[in-house]
């Protein structure tokens, strides 16, 4: 691929990953200013949008740094820019992943009826609980990934017979210079990025599916609330789709790092494409699930009159369900 081809490719990735999130962020804040309230879904939308925007930009900056100096991972000490980019990528992906997990839990508690008094009490206070959880997870991410600023090469560079061959150039694995157990730290990060959020997303999604299936069967005998149930069906579909996008992105990113760690060559196009796909798809799904954002989009496209009724019938509002 030529230099111009590389530039066009990555510019396209940035546009795909950022544009939808900027749109969601602007109009979500606009609605919050008008109503003078920040509801739970709006807060989660803000966190996901901001995190995705920074994630795509930080990934693009990392790719540019590697493109300018393919041997940058062999430089000691690591440039500060590389450490900042790695910190922002990890922090923002953590925030975005956990925001989706909290959104799944929020919708599940709001939609599903529980017989347990404990869950009923949780349902009455779910907005406050999720708001606190979202803010705490953001604070945790800022502290959790701070040790990444100590990333460096701790061993001498292995000399390659042909250092001009960039694809075959081997560099020591990066390590933390802080006095912490690197293996335990890496295991904690992996668990917090995948298994634990997934343990929230999957059960809540499955519970919503089971509830809505039973609810739909019950409504076959009573058609009075079919339109109201459409909103919850859409919420369920969106939540499951977000989980699918999350898992797909994790698989691609994990494959990238596994190939890098075993010493094989793989371009950073894969990493950039994965995060661009994730950011673009999550912004699209969140826009489709939100009546206010969808109506604003139709009005911008001069199609509001023809789509307004369908939008009101099949989407949910930014406010809490």
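Every residue gets a Cβ built from N, Cα and C, even glycine.
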Of 155-176, 265-286, the range TrEMBL labels transmembrane segment: 265-286
Cβ contacts under 8 Å made by the transmembrane segment (41-67) with residues that lie 6+ beyond its boundaries: 6, 10, 13-14, 17-18, 21-22, 24-25, 28-29, 31-32, 73, 79, 81-82, 84-86, 88-89, 92-93, 95-96, 99-100, 102-103, 106, 130-131, 134, 138, 268-269, 271-272, 275-276, 278-279, 282-283, 286, 290, 318-321
Segment-segment contact (the transmembrane segment (265-286); the transmembrane segment (87-109)) at 3 or more Cβ pairs under 8 Å: yes
Long-range environment of the transmembrane segment (87-109) - Cβ separation under 8 angstroms, sequence gap at least 6: 40-41, 44, 47-48, 50-52, 54-55, 58-59, 62, 119, 122-123, 126-127, 130, 133-134, 137-138, 141-142, 144-146, 148-149, 189, 192-193, 197, 200-201, 204-205, 207-208, 235-236, 239, 242-243, 246, 275, 278-279, 282, 320-321
